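Undergrad: Quick one: structure below, then a few questions.
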Amino acid sequence: MKQFVQVNSAAFTTERWYQVGRPALLMGALLLVVLATVPFWSSGLVVDKLTTLFVYILLAVMWNLLAGYAGLVSVGQQAFFGLGAYFALRLVEMGMSPYPAFFVGALGCAVIALFISVFALRFKDGEFAIAMWVTAEVIRILVMFDPIVQGETGTSLLVMNQYEPEFRRNSNFWFGLVAMAGMLGLVLWLINSRIGAAAQAIRDDEEAANSVGIRVMRVKQIIFVVAAFGCALAGAIWLASSVTFQPRTYFGVQWTVFMLFMVLVGGLRTFEGPIIGAIAFFLLQEFLGDYGVWYLSGLGVVAILFALYVPNGIWGELQQRRGLHLLPTGVRLKLMKKD
């Protein structure tokens, strides 16, 4: 996508696609096709692990969309992670098939997010973060009052036991893969659209954005609802894999901490960064997760080191130092040579 403009008598072209943009997209599509075949030739353990990775990538990308591109730093995204699982559980109890219920439950969560945004987005910066954390706690308490949930005891999605273990594992994997790929595509399109440009303008200077006619509240609501929908899908996938549902687990603030860690390590305000951060977090969990408190301490140390010495994250540093851009996430000016 190219467009020529004239600035101070010098010819420029605006480019959205970087030199490796299209090949990178093709490689990504090929990788998704290969991943779709994993259940046919790999072990059940690998399938389960990859499903978990899909959830982490979903969460990281959604938090980065919200905080990185729109400047809405939330510590309450666990509200939508938990609601996605809870709505799916409720829909199944009402007689809906599990996998359609996972998607419909996420849509229901998006509707709830739209209502929440009406008051939550009136807050700014730290106040918004606190408001979202309080909202998550209120939702957790309300869910606990549901007789099916039985307070902190929780419940189980027993209907999943009607499927053969291999079928259930593979179905969870494919549902997670489709959800992750779909949301990655949606986010990539969104940040390259007018909405994405408006969101970044609002992030940089909300008053200036409003003064040039950007509908600030509407743009924020779109980003907020999309991020909530993605987190809800992640919660539904987690429920499908674990079967059990406990409010303390699904609405725990640790989920937002994980999101923040993945984005910080991978690179805030980049599309590829959260994916890399999710993979890094997944590997750390796999190799160090059994060490309990030492594992959590290690995560904290890594986060501090990145905040101090690699503030742009892994991918952010590569972009800054090497000029590496794989996917189109903005427009750049390029000086044209005169004949």
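Quick reminder: no glycine exception, Cβ is built from N, Cα and C everywhere.
Pulled these from TrEMBL:
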TRANSMEM  20-41  transmembrane segment
TRANSMEM  53-81  transmembrane segment
TRANSMEM  101-121  transmembrane segment
TRANSMEM  128-149  transmembrane segment
TRANSMEM  173-191  transmembrane segment
TRANSMEM  222-245  transmembrane segment
TRANSMEM  257-284  transmembrane segment
TRANSMEM  291-310  transmembrane segment
Undergrad: Could you give the residue numbers and ranges of same-chain residues that sit at least 6 residues beyond the transmembrane segment (173-191) on either side and whose C-beta is under 8 angstroms from one of its C-beta atoms?
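TA: Tertiary neighbours of the transmembrane segment (173-191) are 32, 35-36, 38-39, 47-48, 50-51, 54-55, 57-58, 61-62, 65, 69, 99, 102, 199-200, 222-223, 226, 229-230, 233-234, 237, 240, 271, 275, 327, 329-330.
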Undergrad: Under a Cβ pair cut-off of under 8 Å, which of the recorded stretches 101-121, 222-245, 291-310 contacts the transmembrane segment (257-284) most often?
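TA: Looking at each of 101-121, 222-245, 291-310 in turn, the most contacts to the transmembrane segment (257-284) are made by 291-310.
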Undergrad: Three or more CB pairs closer than 8 Å, sequence separation of 6 or more: does that hold for the transmembrane segment (101-121) against the transmembrane segment (222-245)?
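TA: Stretch pair touches.
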Undergrad: Counting only pairs 6 or more apart in sequence, are there at least 3 Cβ pairs under 8 Å between the transmembrane segment (222-245) and the transmembrane segment (20-41)?
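TA: In this chain the transmembrane segment (222-245) does not contact the transmembrane segment (20-41) - fewer than 3 Cβ pairs sit under 8 Å.
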